[in-house]
Amino acid sequence: MREIVHIQAGQCGNQIGAKFWEIISDEHGIDATGAYHGDSDLQLERINVYYNEASGGKYVPRAVLVDLEPGTMDSVRSGPFGQIFRPDNFVFGQSGAGNNWAKGHYTEGAELVDSVLDVVRKEAESCDCLQGFQLTHSLGGGTGSGMGTLLISKIREEYPDRIMNTYSVVPSPKVSDTVVEPYNATLSVHQLVENTDETYCIDNEALYDICFRTLKLTTPTYGDLNHLVSLTMSGVTTCLRFPGQLNADLRKLAVNMVPFPRLHFFMPGFAPLTSRGSQQYRALTVPELTQQMFDAKNMMAACDPRHGRYLTVAAIFRGRMSMKEVDEQMLNIQNKNSSYFVEWIPNNVKTAVCDIPPRGLKMSATFIGNSTAIQELFKRISEQFTAMFRRKAFLHWYTGEGMDEMEFTEAESNMNDLVSEYQQYQEATADEDAEFEEEQEAEVEEN
């Protein structure tokens, strides 16, 4: 069986991760003690992707929980599914990273990283055929961003041919915990560009807007935001957890989604977005789902896909529905909005259908888009970064942990390069390539 090792780092990562395990345990019929009470063989057919089987027929999440302070881990442990995790897989420090990337990456985190890698190694060794790793973390804090990226690069060293997948919560000015978020995020993106195969960008700003506008919640809590994130994660991983044809493992997903190695930052979306109480009042049709799923209001990253073009798209439909209708609707969307899809990747939209809907819904759809509009998100962080870095504000917190200003400059230019790469492919057309090749040939002849 193709296993995935799940790692959650920092406060945000652990809270989202805990929600994720609650939701998928529920979908697979596993209760808070790890016992199976399901009603369908499909629930167990690929259970090994995320769970180890322990003695007595219990299922234990293949999860490693990491933090530099004990607080969040304690609340996960005392939460509804706290007893399902393997106690040895909680690895935490006492000092905290104080929202400082340098502490997470170079000092405090570096001290803890070996004990985390021991646990990861133990999980990886007990796998039959490991397909890769997934990390949930935020980019705005210290542990998830600094230590999370440190773990990624260490795991990359040890398992260079395994897929590395992250669910990264990107900071936003509207929902800010700390003033140094732009620094932490830029330093993290610098790492993610080089060391991950797939990164789902989840954006607090977009989540807030969804809670506010669509779900009509007047004061959204982090609990509400995390609920949305876990819906999305459950949807994105459907193909991995239930038998199906398309994108059935992390590598196939990467092959379909990533046209150029650096451009692997995806915009997730979900439909239908209904507030927690009102699901049962109406059933959606496939056309409505498709329409909603491509709508900018349903994106979990605060970028408007209409400001860019899609390089690739994967869509996952869940529930009992007609495959034919799904294909028709997806083609329909592409034909109507053909200008929003690059024409130099034909058939760049892939669709999967899974029979098992999420709890409380008859059918749902999850959207994964690799759109050039994601550059808006990086631009936003970059502007805030530059504003502070120009004055060297707050820099002493980082240099005090042994960092060099050069590293900031490098991270900044790497992120700006990423933005220009997205821009370049947004403007590229199928005809330009021919001209470009002619130019190159001419240059070769001159030389």
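From the backbone N, Cα and C atoms, a Cβ is placed for every residue, glycine too.
Here Swiss-Prot has GLU69, SER138, GLY142, THR143, GLY144, ASN204, ASN226 binding GTP, and the candidate from GLN11, GLN43, GLN245, GLN291 in that same listed site is GLN11. Annotated by Swiss-Prot as region 'Disordered', the relevant range among 154-174, 427-447 is 427-447. Residue environment of ASN204 (GTP binding site) contains 25 other Cβ atoms, counted within 10 Å of its Cβ in all protein chains. According to DSSP, SER138 (GTP binding site) sits within a strand segment. Pairwise Cα distances among GLN11, GLU69, SER138, GLY142, THR143, GLY144, ASN204, ASN226, the recorded GTP-binding residues, top out at 23 Å. When Cβ neighbours within 10 Å are tallied across all protein chains shown, the highest count among the binding-site residues THR143, ASN226 belongs to THR143.
Remark: of the binding-site residues GLN11, SER138, the most isolated position is GLN11 (fewest other Cβ atoms within 10 Å of its Cβ). When the binding-site residues GLY142, GLY144 are compared by the number of other C-beta atoms lying within 10 angstroms of their own C-beta, GLY142 comes out lowest.
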